[in-house]
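As given in Swiss-Prot:
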ACT_SITE  Asp12  active site, proton acceptor
ACT_SITE  His40  active site, proton donor
BINDING   11-17, 39-41, Arg311, 337-339, 419-421  GTP binding site
BINDING   Asp12, Gly39  Mg(2+) binding site
BINDING   Asp12, Glu13, Gly14, Lys15, Asn37, Ala38, Gly39, His40, Thr134, Arg148, Asn230, Thr245, Arg309  IMP binding site
BINDING   Val305, Thr306, Thr307, Gly308, Arg309, Lys310, Arg311  substrate binding site
Amino acid sequence: MVNVVLGSQWGDEGKGKLVDLLVGKYDIVARCAGGNNAGHTIVVNGVKYDFHMLPSGLVNPNCQNLLGNGVVIHVPSFFKELETLEAKGLKNARSRLFVSSRAHLVFDFHQVTDKLRELELSGRSKDGKNIGTTGKGIGPTYSTKASRSGLRVHHLVNDQPGAWEEFVARYKRLLETRRQRYGDFEYDFEAKPAEYKKLREQLKPFVVDSVVFMHNAIEAKKKILVEGANALMLDIDFGTYPYVTSSNTGIGGVLTGLGIPPRTIDEIYGVVKAYTTRVGEGPFPTEQLNENGEKLQTIGAEFGVTTGRKRRCGWLDLVVLKYSTLINGYTSLNITKLDVLDTFKEIPVGISYSIQGKKLDLFPEDLNILGKVEVEYKVLPGWDQDITKITKYEDLPENAKKYLKYIENFVGVPVEWVGTGPARESMLHKEIK
């Protein structure tokens with residue numbers, strides 16, 4: 001059994017909390033894409049655990065965790081994050097964590113060139129805007145992967161005669177191509193191979209053939225949960241390109257990032273924030289550059305876990321959610337942070353786009369069009385009630401249930417979970433048929 005948790009908007013929907021809620025039922029939690037460019041916080045028994053690269057399943061002491069071949073790994077950050085989690089009391093984490101031998105490596109020079117590229121792009125653009133990269137080197141690493149010049153985990157940990165010398169030579173060639181592209185930037189080449197020679201010994205115990213790992217688990221009928229990174233609207237193919245990440249963050253990335261066939265997937269859970277947020281640049285049709293946006297930002301504490309940047313805020317965009325649903329095929333939804341809307345008298349939701357008076361059939365691929373659309377809103381009544389203490393779905397205010405029902409009817413997918421606060425237990429479950 002393979003179930004999948006995916007973000008349906010622009011990220012930061014609260015995927016980690018749902019994974020944390022579900023993880024006790026699973027034998028394995030796997031990540032399939034991205035790197036340490038995303039982040040979420042899980043609170044267990046009053047202890048906050050910040051996850052960036054590592055799977056959230058580590059909070060369950062009986063769960064194995066895998067970083068799949070689609071993940072890109074900055075090895076120093078891998079160990080720093082692991083040590084930080086261990087210092088907070090995470091038990092037997094090292095014996096439960098595995099890394100695909102096919103995963104690509106992020107180096108420090110990828111991070112340097114990531115920032116240089118961002119500056120270059122902002123200088124070229126007419127409006128001075130940039131992509132909004134986290135500067136973690138994710139894009140440049142996927143770029144070297146696509147150009148077939150990247151280095152993978154197995155290149156680093158290979159013990160065969162001459163393998164280390166080959167690794168250093170390829171590393172040097174990769175660095176030189178970056179210097180040819182961006183000029184002579186500050187970088188201590190002599191120190192880095194020595195650092196990685198130490199890290200390779202530390203990394204070896206974690207490395208597995210992830211294809212064998214996953215298929216053995218499937219054959220053994222293990223319960224597997226895939227933890228998506230980022231979200232569909234940041235997908236390299238289906239997101240608001242070029243204001244996207246560099247990997248496939250939808251259902252397609254699950255298959256290619258873990259090497260599993262489509263028939264193995266059972267449930268696909270779409271995580272949806274009750275309003276909409278976005279970090280970085282790019283079109284955002286329902287953004288509220290007013291007191292409503294500020295109120296959502298303040299009440300929702302909308303700051304990025306990885307970057308600390310303020311998130312842009314706006315009303316729920318059902319055009320986005322319907323588009324996301326078409327691609328990912330959600331079987332049920334988790335609506336998060338519903339409590340942030342508690343004090344709004346009226347709650348608009350975006351239900352269609354038009355441009356120059358002509359209604360669009362679906363979410364447009366052209367950002368020149370998307371940036372000019374007019375949003376039609378359906379205004380729903382608020383509930384003006386604190387819902388953070390409610391423990392059963394049935395006890396939600398009628399207007400809150402009507403809000404959720406409107407979402408269900410619009411996208412044609414049932415709501416199964418509702419987040420009503422930051423605490424681990426603040427998640428209501430609704431039985432679905």
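Using N, Cα and C of the backbone, Cβ positions are placed for all residues, glycine too.
All features noted in Swiss-Prot, drawn onto the structure.
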{"residue": "Gly11", "record": "GTP binding site", "contacts (Cβ under 8 Å, 6+ apart)": "Ala38, Asn230, Ala231, Met233, Leu234, Arg278, Val279"}
{"residue": "Asp12", "record": "active site, proton acceptor", "contacts (Cβ under 8 Å, 6+ apart)": "His40, Ala231, Lys273, Thr277, Val279, Glu302, Gly304, Arg311"}
{"residue": "Gly14", "record": "GTP binding site", "contacts (Cβ under 8 Å, 6+ apart)": "His40, Val271, Lys273, Asn334, Thr336, Lys337, Gly419"}
{"residue": "Arg309", "record": "IMP binding site", "contacts (Cβ under 8 Å, 6+ apart)": "Val279, Gly280, Phe303"}
{"residue": "Lys310", "record": "substrate binding site", "contacts (Cβ under 8 Å, 6+ apart)": "Gln297, Glu302, Phe303"}
{"residue": "Thr420", "record": "GTP binding site", "contacts (Cβ under 8 Å, 6+ apart)": "Leu338, Asp339, Ile387, Thr388, Ile390, Ser426, Met427, Leu428"}
Three-state secondary structure, Lys310 (substrate binding site) (per DSSP): strand
Local backbone state of Gly39 (Mg(2+) binding site), from DSSP in three classes: coil
Spatial separation of Lys17 (GTP binding site) from Gly39 (Mg(2+) binding site) - C-alpha basis, Å: 12
Candidates Lys17, His40, Arg311: member of the recorded positions with the richest Cβ shell (10 Å): Lys17
Which of Gly39, Gly308, the listed binding-site residues, has fewest other Cβ atoms within 10 Å: Gly308
Other CB atoms within 10 A, centred on Asn37 (IMP binding site): 27
Spatial separation of Gly308 (substrate binding site) from Thr41 (GTP binding site) - C-alpha basis, Å: 13
Three-state secondary structure, which DSSP defines for Gly11 (GTP binding site): coil
Neighbour tally for Leu338 (GTP binding site), based on other Cβ positions within 10 Å of its Cβ: 25
